[in-house]
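Enquirer: Not my notes, these are from Swiss-Prot:
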COMPBIAS  31-43  compositional bias 'Polar residues'
REGION    31-53  region 'Disordered'
REGION    75-102  region 'Disordered'
COMPBIAS  92-101  compositional bias 'Basic and acidic residues'
COMPBIAS  217-230  compositional bias 'Basic and acidic residues'
REGION    217-242  region 'Disordered'
REGION    265-351  region 'Disordered'
COMPBIAS  300-319  compositional bias 'Basic residues'
COMPBIAS  339-351  compositional bias 'Acidic residues'
DOMAIN    384-580  domain 'Helicase ATP-binding'
BINDING   Asp397, Glu398, Met399, Gly400, Leu401, Gly402, Lys403, Thr404  ATP binding site
REGION    457-480  region 'Disordered'
COMPBIAS  468-480  compositional bias 'Acidic residues'
MOTIF     531-534  motif 'DEGH box'
DOMAIN    716-876  domain 'Helicase C-terminal'
REGION    916-945  region 'Disordered'
COMPBIAS  918-933  compositional bias 'Low complexity'
REGION    1095-1116  region 'Disordered'
Amino acid sequence: MEDDDDDQRLLHSLGVTSADIHDIERRIISQATTDPADSSGPTINGGHQPDDALAKLHHKLRSVQIEIDAVASTIKGAKLKQPSGNKPHEHKGKDQPDHHGAGHLQQALAADRLTSLRKAKAQIQKEILQSHPSPSASNRKDKMLAMLVQDEPRHKKPPVGPKNIVKRPMKTVTYDDDNNFDAVLDGASAGFMETEREELIRKGLLTPFHKLKGFEKRVELPEPSHRQDDSAGQTEEAMEASRIARVAQSLKQIAQNRPATKLLDSESLPKLDAPAAPFQRLGKPLKRPVSPSSDEQEKKRPRNKTKRPLPGKKWRKANSIKESSLDDNDVGEAAVSVSDDDEDQVTEGSDELTDVTLEGGLRIPGTLYTQLFDYQKVGVQWLWELHCQRAGGIIGDEMGLGKTVQVLSFLGSLHNSGLYKPSIVVCPVTLLQQWRREASRWYPKFKVEILHDSANSSSKKSKRSSDSDSEASWDSDQEEAVTCSKPAKKWDDLISRVVSSGSGLLLTTYEQLRILGEKLLDIEWGYAVLDEGHRIRNPNAEITLVCKQLQTVHRIIMTGAPIQNKLSELWSLFDFVFPGKLGVLPVFEAEFSVPITVGGYANATPLQVSTAYRCAVVLRDLVMPYLLRRMKADVNAQLPKKTEHVLFCSLTTEQRATYRAFLASSEVEQIFDGNRNSLYGIDVLRKICNHPDLLEREHAAQNPDYGNPERSGKMKVVEQVLKVWKEQGHRVLLFTQTQQMLDIMENFLTACEYQYRRMDGLTPAKQRMALIDEFNNTDEIFIFILTTKVGGLGTNLTGANRIIIYDPDWNPSTDMQARERAWRIGQTRDVTVYRLITRGTIEEKVYHRQIYKHFLTNKVLKDPQQRRFFKARDMKDLFTLQDDDNNGSTETSNIFSQLSEDVNIGVPSDKQQDQLYAASATPTTSGTEPSSSRHGQGKEDHCPDQADEECNILKSLFDAQGIHSAINHDAIMNANDDQKLRLEAEATQVAQRAAEALRQSRMLRSHESFSVPTWTGRAGAAGAPSSVRRKFGSTLNTQLVNSSQPSETSNGRGQSLQVGALNGKALSSAELLARIRGTREGAASDALEHQLNLGSASNHTSSSSGNGRASSSSTRSMIVQPEVLIRQLCTFIQQHGGSASSTSITEHFKNRILSKDMLLFKNLLKEIATLQRGANGATWVLKPDYQ
């Protein structure tokens, strides 16, 4: 409480009032969902609270009924397919991750969920009956009396006219007639209803395989200790025999139900061709010639970097002693002997600490088991259940809950049970020493080796090693090759030591895995663990394809943010831990991602919304058993309170002038015209918001006045906040996105004589743990400045209790990672987080999109990516400055004016209550008073019809998927019975067809080994249609595509259509948005109608694989799939020498394209060709990528 008062006094002294970030998100979402013209809210809330509560129960009941129907349809669909699926079940075996095992698991989960939903429905019905028993009874009596009294008038109704009878069904309840929007939002838009089982899984009390025969591995009870008499011996033998029989029966069930099949009849599946390009690796990149002058500049820069403070001698010495003790093999053997002594001590007290045994034979050391939290014990049990299925999984626990401890405990238990094989852990370079330290603490018997230059004690000053995982190359698909300082022979010796040891554990980085893939990818590992595994979220990135070639079926991903942006990223993660579980990427996008995305559009039809819901149900059942995610609030983690404030800072005079000058420049016009990359303009604006001197860094970095805090609004806020925090005894973490901003911050801290430490991509890996240890264990260091991509990943910085996030990131999970560095297990003080955002600028747009993406991520199966492809109006929205125009109205002021009327911004004028930010936005003497809003209770003002553009922008941020899908969902629930049955039936057919297409895609992918990357539409080999390789080849990372066995191709193309009709890349979001904008509801519904006819259409087109034109002309009523159409366009232009006139193209395709699809056709043509005008007229010329 004292800290809260101190914070409030600090903010008031700065002219700032704090805002609770969760309240901001809730208010923004609720404002975006509220109709501005609706003025009936206050009257409803006047005196009808019981009616509102009853309405909420009714809406909840309807949403539960909708989900019951959806889950029941999946069970019925599975049962209907069982008789026809007997023949395929005869082909069971090892290499096919599909069929009976997966179907049995999904059906069991669906049946359990259906039971829980029915219980919830009965409970809601009971609550409804209990809420108003007497009025309902009186209403029934009134209705009965009315029926008796109106006997005579009832005979007069038929002659009145049949028109009224016809019109009555038209008066169905619509959303506009439903004033209880909050009830609709709670009941329908909140996603799937959480059952009791799912709640227990979320709280860490159960595993996803609880009470599923053949999948659950329970803890076996310890055997009784008194066994002297013969009867006890007989019971012991009986128990041992029963245990063996039970294990044998369990293994038999696993062999039968495991999601794998063996194909005995290869003629029943499509054939695959060999890859179009031979398997080869890229050569060394060319080095640009460097002039002597530039070489001297490069030498000067590292000298400047060495000025940063190093860890204290005490901590450097302690860290070097720890590393040398772990590096030295002799000391390692001594450590093993010490652990043996510890084992002797444990055996002395074995009566108390015996091994805990799970079904199947996993023995968890007693000393280890007692140190784990309950949810961590459940995590170890879940990993063992996955091990018995020969499958992998994603540990998606929230940051700070001990994912590393759970993995090491499980690997140690495997070693203790004699089931361990040498394993590999891939992680960012910052976490290498932390992994080694945790491994030596939790299971000292592991012989840990680090495959990285930082572990080489002989090369003390190898600076290049620290650059390999810098934030500059973090998200790059084409990372620079880092020359290893160790000779290849030494790497070979290190790898051979790990592989030959029965307890070897290899730690390396993603970059080293990419460089040394030839050595590491040929080894059969026991386990492959990817820490911060969202690094492979891009399915076509080179590092992703390298990781998917690791030779093991036991794969684990550790990430605190398993779902960040879109469904294709979720596919990439799951395809690593369970190859082929979600099919190939083009089929997954067509059958799941596109329907779910289209169902979330504002103009989605009821059929599209229902289809999206059914597809989401199927996808959830596929994914959830292999994704374990627990939150801090659910597992009763003993953590202190965390509060988060958002401080909106004003631009200084210099910043505002620079910002406006850039917006008026020709460069912005080039961005609007599409002649320049928009990311360039976004980067310039964000630099201006941080500090305008960043634009002149190359020329003015040596100027003594470079980085003056008076020229940056956020720097002035930081200066005042740090001064107060220093006096109050707090310790601070400050995160920025770039090293350049850290340079300015470092100069500022040096001038203010603050004790600080710095860590970024240029910090040598050997110093990072020493820096972290020094900051956590001594109070001398006041502030630790870091970049979010290096210091915000997996590090433990509990020594701080104040965090400043200087600039927001487009990806909310990045800021979330940085925030969780201090608020985690081990923290003893309350944590306060400050986010600094420059008001009215692009940073405010980034922050609002963060809220939007976070809101959609919580719905798990929604795709927030649709706003990532910016159109013209989005660009104009980004490249604007809204600070003192339009009476000082900004997006933020609109939000906070609805939060509270009592907002103190340092200008106590009543006349300016409606212009909260006008005074602080205009230049004042100080120029940069930050402003924010306080969490309060004030009446909410609805935006009028003539609302500002900012209100409309806020609505457009949220009207895309989550909110309006709830509206359409409610319209479906209120539809009449006939229409509802038809919609549900059609949606069920689409969902079942999607599941069938996914099943066939898995069968196709199963031809290849688990170590062959899955086809993504651009890269990979497993499951790729042969026609794609024949026409386009592998357009990316051909060096990572393994050669498969050549096979016959007589029916390759037709069968590729049978697994989803996707040849080539899937429909992009930009094309999809253009299609929906051009054809409104018709185009989207036609696309889904085409999916309804996909199965029958593929049967017709398979017979004409050589000539797609004949089949398409005979089915004119059917819309051609965009992926097929773009391939036909490319083939036609190639046949005409790479160029064709508009007349010839139109003449050729006029009988295939419907009039309402002409806009899609034009966009597809622009995607692969450019229009060139010459003397002979205009011609379309293929782009180089398609020639």
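Glycine is no exception: its Cβ is also placed from the backbone N, Cα and C atoms.
Because the structure is a prediction, the values reported are computed rather than measured.
Looking at the shown structure, can you explain where the listed features end up?
Expert: Annotation note: Glu398 (ATP binding site) sits in a coil segment as assigned by DSSP. The Cβ neighbour count for Glu398 (ATP binding site), using a 10 Å radius and every protein chain shown, is 19.
Applying DSSP to the motif 'DEGH box' (531-534) sorts its residues as follows: 2 helix, 1 strand, 1 coil.
For the domain 'Helicase C-terminal' (716-876), the mean pLDDT of the prediction comes to 78.
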Enquirer: Can you list, in sequence order, the residues of the same chain other than Asp397, Glu398, Met399, Gly400, Leu401, Gly402, Lys403, Thr404 whose CB lies within 8 Å of the CB centroid of the ATP site?
Expert: Gly560, Arg824, Ile825
Enquirer: For the motif 'DEGH box' (531-534), what are the same-chain contacts with Cβ under 8 Å, counting residues 6+ beyond its ends?
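Expert: Answer is 394, 403-404, 425-428, 431, 435, 557-559, 561-562, 564, 569, 573, 576, 793-794, 813.
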Enquirer: So of Met399, Leu401, which of the binding-site residues has the fewest other Cβ atoms within 10 Å around its own Cβ?
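Expert: Counting other Cβ atoms within 10 Å of each of the binding-site residues Met399, Leu401 gives the minimum at Met399.
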Enquirer: Same-chain residues six or more away whose CB lies under 8 A from the CB of Asp397 (ATP binding site)?
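Expert: Result: Tyr375, Gly379, Lys403, Gln406, Gly560, Leu628, Arg629, Arg630, Met631.
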Enquirer: Tell me the Cβ neighbour count for Gly402 (ATP binding site), meaning other Cβ atoms within 10 Å of its Cβ, over all protein chains shown.
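Expert: I count 20 other Cβ atoms within 10 Å of it.
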Enquirer: Starting from the Cβ of Gly400 (ATP binding site), draw a 10 Å sphere and report how many other Cβ atoms land inside it.
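Expert: Looking across every protein chain shown, the total is 21.
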